Number of protein chains: 2
Amino acid sequence: MVDISAQASPAVTRVADALRSGALPDVAAYLPDMSPGDIAYLISASPPATRHELWSLLDHEQEADVLNELPDDIRNHFLADLQPEAVAEIIVQLDDDDVADILHELPQAETDLILDSLTTDDRERFETALSYPDDVAGGLMSTDTLTIRPDLTMDVVLRYLRRHTRLPENTDSLIVVSREDKYVGLLPVRTLLVSDPSASVREMMKTEREPLDAMTSADEVARRFERNDWISAPVVDPQGKLIGRITIDDVVDVIREQADHSLAVMAGLGDGDAFTPVLQTAPQRAVWLAVNLLTAILAASVISLFQATIEKVVALAVLMPIVASMGGIAGTQSLTVLIRAMAMGQINDRTEIWLVRREILVSALNGLIWAFVMALVTTYWFDDSTLGLIIAFAIIVNLLTAGIAGASLPLLLERLKIDPALAGGVILTTVTDVVGFWAFLGLAAYFYG
Amino acid sequence: MVDISAQASPAVTRVADALRSGALPDVAAYLPDMSPGDIAYLISASPPATRHELWSLLDHEQEADVLNELPDDIRNHFLADLQPEAVAEIIVQLDDDDVADILHELPQAETDLILDSLTTDDRERFETALSYPDDVAGGLMSTDTLTIRPDLTMDVVLRYLRRHTRLPENTDSLIVVSREDKYVGLLPVRTLLVSDPSASVREMMKTEREPLDAMTSADEVARRFERNDWISAPVVDPQGKLIGRITIDDVVDVIREQADHSLAVMAGLGDGDAFTPVLQTAPQRAVWLAVNLLTAILAASVISLFQATIEKVVALAVLMPIVASMGGIAGTQSLTVLIRAMAMGQINDRTEIWLVRREILVSALNGLIWAFVMALVTTYWFDDSTLGLIIAFAIIVNLLTAGIAGASLPLLLERLKIDPALAGGVILTTVTDVVGFWAFLGLAAYFYG
């Protein structure tokens, strides 16, 4: 039994139980003590009707925090129901990178209405973050940074910090900047806490950490955080001036979305929510089915060229799906290897030739093995060794094609700026279907005339 | 042109350029100043021969840190070349959770040899972590924690910290424990830095954070970190005693592996490295091709039952792959939706019925649409309206089957403790192939005799 209570935190389990038994007053009583993340999780793990019930039970003050923890599509769904003034009231409570994230996804007209209902101060606070696209370092950063000068002593820094009532989230380091606001280095809080109070920032700071350029892609930002186990990283403009700071919590979202994206898109799903209602889901899926119907008709029209041969040797109709299917499977393996390596940033001119060559060799080898096996199976099944030889030949041709297409398609699509996870699979199986049917039936037509 | 230099950090680019031009002395000169994470990335983004070159150029002191940042399979590959004593020398420099991770993946005999070459102190240090499996909180945690008592004042805590030369990595909070080492709460460093020096830990600590139980699954740990934006979390035993602490850097690896796992496994790839050589890759892939060959032969044997009908109406051979392929595509969509929702922890008894019903309705709707379209296409193409009706009926049956199987298979497999991402796709396409061929050819046999 897949059950939320098997693993979830006690707080989540309690509310899930109350929801199941329909005890809404109990749910309402538990919610105020729950973390925004847990509430957001409960909402996202509920069907649409329950989501609205949960949302309506929230305290007014909880709304902003919960909204901020929700997946983008669910968050936008709730926001769409609110007036611009209500949205404005919510977003002023959020970090500027989260606000940029929200406003980037709304229609421009609505964004303008929301910005209009803000005070000038708030509008200015969001301006820097809004000036970068979502998928680069500038769009992920918060401008809420804590900076210090290199000539201070630890003692002075500690006193300076104590003047704050709160420090920015995930402050693992203070950022050291020059008088011109240029990035100089980082002073880890860990260092600050154990250092001699009279030591200077200049002596104790770490200068070997390269800052992130504001235009670095979100994917590369995620990879650098992963590789170096960062908690936060400074972001600079082209002149080296500090403009913000990215924290691991936003990077974790990028990592999750990036990995999930390939999976969803390869199945023709888009990045959407699992609980989209029927009438919205059906048309979204229909588009993908339409594309695949066209490619299936293309493959069928290849078969139709050989109707006379099939009429003579009907065993061809029995065997031809096997040739096509083996090519599709082998090609999908090569394709997925390349798509994964791309996501990990492992593709470069030193590795791509190596990988394409490896894929071709692997499919050639597997082509030989399975050609041999299918030759035996076919000869035995239909008592026809010519047919055995024909299918063996077709399998070798199709698996070799699968390896070449599976490995080179993602590289080609990437250069054409087309998402390989989206288009790769359809193009690949079209190629392996067409080549598989053509090789098998074409050769049969030659032999059986 | 996909190029490492387009995005990577300047340090990585410099070495990548030197590697490309074969200037090994330059590479050797750059390496000592690079972060272990960047070196590990360079190694993982290189073909096998270059990897060994890079490894041999490392300083002896860098080896442990670089090894720790490498993906598991590459790390184990390098470790396999070392003597147990050399491995022991490396692992004593690592955190206990990382050591547990390494030792869990080596053969037991080798692990024993390595443990034997450790001092008693070191062996004891690793014992707690080694006593938990890798995929639960206990296996992810480090026992290197910094604890304080609730009756201390901030001032005393600061002085206590200053007695350390270094604090554990990612110390965003100090863990407050009772005299019996029971978990009581957390004192965020952010709070410590801005609090009145005379305030007590008891007044300032946060007690609402539930600790993680040592047996919580790694997937659930990852989801809670994601949901609540944690940097670190305390781990307790069933009696509530603090036994360790999990940090976000290890959780990020879990998230990446978890998401990547579904993608790899759905294509029959396993979790391996992109750069496994041909002779190792080919047999791995062959297993998957063998499974798929068996299912393709099963589908073919369904076709073979209707050879007499196909001989009469050869258009059936042309059209039958379309029926099977539409079912496969629609079913894969439902399957992927469920697998994603499972990975996000969104499946529970409140949502699974909703989702299965939604999937069935969506496929029924799409079945009707595409049945209608294919009826028109077929009637026009082969000038045979009976054939049009037959294919329409078969498409409705197969898409409905696809929706039911795609949505319920993952739930069923999960209950049988079989990975739905691994087995789901094969079983699903077998079902849609068999049902598709059977419905289409069976009905045709009835009409055309």
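Even glycines carry a Cβ here, placed using N, Cα and C.
Those TrEMBL annotations? Automatic predictions, nothing curated.
On a predicted model such as this, the values are computed, not experimentally measured, just so you know.
According to TrEMBL, the protein has these features:
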{"type": "DOMAIN", "residues": "A:141-203", "note": "domain 'CBS'"}
{"type": "DOMAIN", "residues": "A:204-263", "note": "domain 'CBS'"}
{"type": "TRANSMEM", "residues": "A:286-307", "note": "transmembrane segment"}
{"type": "TRANSMEM", "residues": "A:313-339", "note": "transmembrane segment"}
{"type": "TRANSMEM", "residues": "A:360-382", "note": "transmembrane segment"}
{"type": "TRANSMEM", "residues": "A:388-413", "note": "transmembrane segment"}
{"type": "TRANSMEM", "residues": "A:425-448", "note": "transmembrane segment"}
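The stretches the transmembrane segment (A:425-448) and the transmembrane segment (A:286-307) are in mutual contact, each linked to the other by at least three Cβ pairs under 8 Å (pairs 6 or more apart in sequence).
Under DSSP, the residues of the domain 'CBS' (A:141-203) split into helix, strand and coil as follows: 18 helix, 17 strand, 28 coil. Here the domain 'CBS' (A:204-263) is broken down by DSSP into helix, strand and coil counts: 28 helix, 16 strand, 16 coil.
Taking every listed stretch (A:286-307, A:360-382, A:388-413) in turn, the largest tally of C-beta pairs under 8 A with the transmembrane segment (A:313-339) is reached by A:388-413.
Long-range neighbours of the transmembrane segment (A:360-382) within the same chain, counting only residues 6 or more positions beyond its ends whose Cβ lies under 8 Å from a Cβ of the stretch, are 315, 319, 322, 326, 330, 334, 388-389, 391-393, 395-400, 402-404, 406-407. Only residues 6 or more beyond the boundaries of the transmembrane segment (A:388-413), in the same chain, are considered here, and those with a CB under 8 A from a CB of the stretch are 319, 322-324, 326-328, 330-335, 337-339, 342, 347, 352, 355-356, 359-364, 366-368, 370-372, 374-376, 378-379, 419-420, 423-424, 427-428, 431-432, 435-436, 439-440, 443-444, 447.
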